[in-house]
Structure formats: C-alpha cells, structure tokens
Amino acid sequence: MDNKFLTRWVFSTNHKDIGTLYLVFGIGSGMIGTALSMLIRLELSAPGTMLGDDHLYNVIVTAHAFIMIFFLVMPVMIGGFGNWLVPLYIGAPDMAFPRLNNISFWLLPPALILLLGSAFVEQGVGTGWTVYPPLSAIQAHSGGAVDMAIFSLHLAGASSILGAMNFITTIFNMRAPGMTMDRLPLFVWSILITAFLLLLSLPVLAGAITMLLTDRNFNTTFFDPAGGGDPILFQHLFWFFGHPEVYILILPGFGMVSQIIPTFSAKNQIFGYLGMVYAMLSIGILGFIVWAHHMFTVGMDVDTRAYFTAATMIIAVPTGIKVFSWLATIYGGAVRLDTPMLWAIGFVFLFTIGGLTGVILANSSLDIVLHDTYYVVAHFHYVLSMGAIFAIFAGFYFWFGKITGYCYNELYGKIHFWIMFIGVNLTFFPQHFLGLAGFPRRYSDFVDGFAGWNLVSSLGSTISIVGVIWFVFIVYDAYVREIKFIGWVENTGASWSSLEWVQPSPPMSHTYNELPFVYGSYSALRPRNS
C-alpha cells in the first residue's frame, strides 16, 4: 500500500473522498444488515425453530436494527450524500473542519467491529435495539456483550455529533456570496435540521447508556427499583433520543426527493419552497415533544396519553404539506420516468402509507392493542425500508453520474426499482395483517395460524435480496462500461436549479478555488460567469 493511497484515503481531508468512504462503508454495512434480515425472515418463514433458540434470534434482530440505522442509513444519507453535496450546493471549497470530518468517519469502522464482536462475546446482545433494562441489566445479560454494544453506540454517537457540528458550522459560515438562507437548496436545509436534531438528541442517549453501563458494572441503581431507580426512566431517556432519531433517518431523504422531483418534472423549483422549509423545521421541533408515544403501555396517566396522542398527530400536518407539495411539483410537469424519478415517486407513495399507519398507532387506545405486534414493524419498515432506503436509491441513481462520472444502464436501474418495489411490499404489507391478528414482535416461533402471511413475507424478502444483488451488478456494470455521464439537466429541460450541476462530472478534487457569486431567486441559481 503506497503512501499516496494512505494519504488520500486514510488521512483524507477532502469532503468528496470522505463522502465516498462513507458511501462505500454504508453499502458494505447494508449488505451485512440485509443478510441478517434474511436470516430473520428464514426463521419466520414457517413455524418451528430453524436457527436455534430465541436468544440467538433476538441477537440477530438487534444487530440488524443497529446496523441498518447507525451503519447504513445515517452514514450514507448524512455522511455520504451530505459530505459530497453540501459544499457543492452552497459554493464552499470544503467542509468547515476537514480533519474533524476525517475522524467522524474513522470512528465508524471500530464501532461496527465492536457491535459485530458483541455477538461473539458470551451469548451476544439479545435486548432488541431499545436495550431496555432489566433485560439489558447485568442479571439478565451477564458478560461483556451489552457493554461492547454500549461502547459501539458511544463511538457511533460521537461520530454523528462531530459530523453534526461540522455541518452546522459549514452551512452557517461557508455559503457563497449571494447564497442566502432562503436560497439554500432543500437538501442542504434537511441536512442542517438533521444536524441540529443529532446535536440535541444524541447526548441524551449517551447519558442513558452510560447510566446503564454503571448499573451493569459499578453497582449504581439508576434503573433498578431495588436501589430506588426506575427502569421507566431509561425508556424516557432512550425515546427522547429515539424519536428524533427516526426523523434524522428520514429528513435527508425528504431533502433528496425534493431535489429529484423538480428535475424530472421539468420544473425549475419545488412547489412551495418556503412551506417545505418550515414543514421540515416543524417536523424537527415536534419530533422532540412526542417521545412517549412509544410508551403508551407503561401505565401513564390518561391526560399524558391524550397529550402525546394529539402532539403526534400534529406531526402529520407538516408531513402532509411536504407530500402534497411533491405532488403539486409533479402536477402539470413534463414528467420523465427515469430511474431516480421512479424511486422518488415510490418514496412518496410508500412513505405516505407508512405515515397513515403511523397516525393509526398515534391513538393511545389503539396502540395499547397494537403495541409490540407486527403492525408496528410494518409501520416503521414502510417508513424506513421504503422511505429512507428508496430515497437513498433515488439519490444514488441521481448523483451516481455526478460522483463517478459514469452512466449506469437505465434499463437495469428500472429493473432494480421494480424488483425492490415488489419485494419490499410483499415483505411488509402482509405484516399489517399479522399485527392486526395479534402476532407479537421479537418471537422466533409462532402458532400455525400465522404461517400463511409469514411465508408470503419471507418470499418477499427473498425477492428483495435478488434486488440487492442486482444493484451490485449495476454498479459493477457502470464501472466496466465506462460510458461518460453528461448530466440530467440538459436532458430534462429544467434550468440549473442548483450549483452542483455547474461542476464537471466527476467534479475536480478541489472545487470553487474562486468563490462563485449566486444571484437570482432560488429557482434559477447561477454562478455569475455562466
């Protein structure tokens, strides 16, 4: 390994190279997470045990959740697309703190190794991603596995907090002259709001898991009633992080879809730009005051439950504004159904279904029945597996040419979309029926009455796996054929609505050696010299 390679990839201070590292790391982690999900669906494809005991099943479920959240969606959306695009969008030469950016990435591989390693220590972490005590306490999980998982979360959390500080500073301080906040592309807004959510929510998680660590190892009793503690306190702390976290996972997806839809509808800008910004801000703020809707079954006062029900439903309003603005952008446009647009439309449609089941679950009385059933699993997988992941694929196909300089095969991309669309819907739609029938989460075995829909669900996941393998082939194919990427903008008739298309594809290692000057409304940003 020569020195030049080390300098470029290990000691990198270039936002593009670090963004590429994040993307590659995220895709690699996603493969592991997908393999784990396939193991889950194999175990559940028929009654009876396949993998072994319940505990092993729960270890797989826990690892699947942590990997998909902390090592796929966040690194790809915020670290990958965020690093690559935010400086390009705002006309900045790089991120504000390039070396901080480097360590933000390099904290993640050790975190992943710790998480995977925890499965090989004693019996592994069979707590679910929520890590509730007393199951995660030393009595139920003796040995070092949970401690390793906690340390893994500390590293991943530190990485995200440092990255968030970097993005906030960059977006506030490094915008090109004329790039005022009301001209900021929606993707940049989404990353900014996400960064604030990370900065405010992750320290609470860090506090909670540190208290759990001391409970396990130093005889404190934060979460042990025998010593005057309360396990419900952990749930409050965890979900105060956990609920903003789900918006952290989806907001950059909103931003990406908001960049893609106007381009393929031949529109200069999104419908209702300012409304979109305020909607994202509202979602970010409301996300912090609804956390206890995850805890309707722990025995809260009826008036507390009423408040959290109402507050949760209010989030549907800004979300609805976003959905209808996307639809209004498409309406009347010369829509071109290229691959990124297919993913974006799929995102809007399926995310809306996930949102509707979310409104149902917001009712505390209904949630008491549906809590910890597969209805909840179906709900958040519609939002994540078909919201976040579809947005990631939309962004990947949209910016693939910009990042690599190569064209992927358009037909192959569309085939990928349809395989995944059929696969994920076949996987998760039947889970609504299972949940309504009372099939509980986190069980590896079940009575025969649930066998039918579980088999359908497992067939769907097999189709999704084929889609993932096909995706790897598409990337390989693009690199082998080396067809030069020209650009979407020339093809779709939209004007340059953002700065990144002014750059060549792939962009030079250092962009904006001279600061661009941005003028005109949001709808027609151009550097002065074009």
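Even glycines carry a Cβ here, placed using N, Cα and C.
According to Swiss-Prot, the features are:
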- GLU43, ALA46, GLY48: Ca(2+) binding site (BINDING)
- HIS64, HIS381: Fe(II)-heme a binding site (BINDING)
- HIS243, HIS293, HIS294: Cu cation binding site (BINDING)
- TYR247: O2 binding site (BINDING)
- HIS371, ASP372: Mg(2+) binding site (BINDING)
- HIS379: heme a3 binding site (BINDING)
- 20-40: transmembrane segment (TRANSMEM)
- 59-79: transmembrane segment (TRANSMEM)
- 105-125: transmembrane segment (TRANSMEM)
- 148-168: transmembrane segment (TRANSMEM)
- 186-206: transmembrane segment (TRANSMEM)
- 237-257: transmembrane segment (TRANSMEM)
- 270-290: transmembrane segment (TRANSMEM)
- 313-333: transmembrane segment (TRANSMEM)
- 341-361: transmembrane segment (TRANSMEM)
- 380-400: transmembrane segment (TRANSMEM)
- 417-437: transmembrane segment (TRANSMEM)
- 455-475: transmembrane segment (TRANSMEM)
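Shown on the structure are the features that Swiss-Prot records.
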| residue | record | Cβ contacts under 8 Å, 6 or more apart |
| --- | --- | --- |
| GLU43 | Ca(2+) binding site | THR49, MET50, LEU51, TYR57, ILE60, SER444 |
| ALA46 | Ca(2+) binding site | ALA451, ASN454, LEU455 |
| GLY48 | Ca(2+) binding site | ASP445 |
| HIS243 | Cu cation binding site | GLY287, PHE288, VAL290, TRP291, HIS293, HIS294 |
| TYR247 | O2 binding site | THR194, LEU197, ILE283, GLY284, GLY287 |
| HIS371 | Mg(2+) binding site | PHE296, THR297 |
| ASP372 | Mg(2+) binding site | THR297, PRO440, ARG441, ARG442 |
| HIS379 | heme a3 binding site | GLY354, THR357, GLY358, LEU361 |
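Cβ atoms under 8 Å from those of the transmembrane segment (105-125) belong to residues 10, 18, 21-22, 25, 29, 32, 55-56, 59, 62-63, 66-67, 70-71, 75, 79, 131, 136, 141-146, 148-149, 151-153, 155-156, 158-159, 162 of the same chain, restricted to positions at least 6 beyond its ends.
Counting C-beta pairs under 8 angstroms (sequence separation of 6 or more), the transmembrane segment (237-257) reaches the transmembrane segment (59-79) with 3 or more such pairs. Through the fold, the transmembrane segment (59-79) approaches residues 18-19, 22-23, 25-27, 29-30, 32-33, 36-37, 39-40, 43, 51, 104-105, 108, 111-112, 115-116, 119, 123-129, 149, 152-153, 156, 160, 163, 167, 191, 194-195, 198, 245, 248-249, 252-253, 256, 384, 388-389, 391-392, 395, 442 of its own chain, all at least 6 residues removed from its boundaries and within a Cβ separation under 8 Å. If one looks beyond the transmembrane segment (341-361) by at least 6 residues along the same chain, the residues whose Cβ comes under 8 Å of a Cβ in the stretch are 250, 253, 257, 260-261, 264, 293, 312-313, 316, 319, 323, 326-327, 330, 335, 367, 370, 375-376, 378-383, 386-387, 390-391, 393-394, 397, 414, 417, 421, 424-425, 432. Contacts of HIS64 (Fe(II)-heme a binding site) defined by a Cβ separation under 8 A and a same-chain sequence distance of 6+ are given as GLY33, LEU36, SER37, ILE40, in order along the sequence. Within the chain, the transmembrane segment (270-290) has long-range Cβ neighbours (under 8 A, six or more residues past its boundaries) at 182, 186, 189-190, 193-194, 196-197, 200-201, 240, 243-244, 246-247, 251, 254-255, 258, 261-262, 308, 311-312, 314-315, 317-319, 321-322, 325-326, 328-329, 522. Within the same chain, residues 30-31, 34, 37-38, 41-42, 44-46, 393, 408-409, 412-413, 415-416, 419-420, 422-428, 430-431, 434 sit at least 6 positions outside the transmembrane segment (455-475) and bring their C-beta atoms closer than 8 Å to a C-beta of that stretch.
When Cβ atoms from all protein chains are considered, those within 10 Å of HIS381 (Fe(II)-heme a binding site) total 20, not counting its own. Residues of the same chain lying 6 or more positions beyond the ends of the transmembrane segment (417-437) and with a Cβ under 8 Å from any Cβ of it are 41, 339, 342-343, 346, 350, 357, 370, 373-378, 381-382, 385-386, 389-390, 393, 449-450, 453-454, 456-467, 470. Remote same-chain residues near the transmembrane segment (186-206) are listed as 78, 81-82, 85-86, 89-90, 153-154, 157, 160-161, 163-165, 167-168, 171, 237-238, 240-242, 244-245, 247-248, 251-256, 258-259, 270, 273, 276-277, 280-281, 283-284, 287-288 (criterion: CB distance under 8 Å, separation of at least six residues from the stretch ends).
In the three-state DSSP classification, ASP372 (Mg(2+) binding site) falls within coil. According to DSSP, GLY48 (Ca(2+) binding site) is assigned to coil rather than to any helix or strand. What surrounds the Cu cation site, by Cβ distance within 8 Å of the Cβ centroid and not counting HIS243, HIS293, HIS294, is the set TRP239, GLY242, VAL290, TRP291, ALA292, MET295, PHE308, THR312 from the same chain. Excluding GLU43, ALA46, GLY48 themselves, the residues of that chain whose CB lies within 8 A of the CB mean position for the Ca(2+) site are, in sequence, LEU42, LEU44, SER45, PRO47, THR49, MET50, SER444, ASP445.
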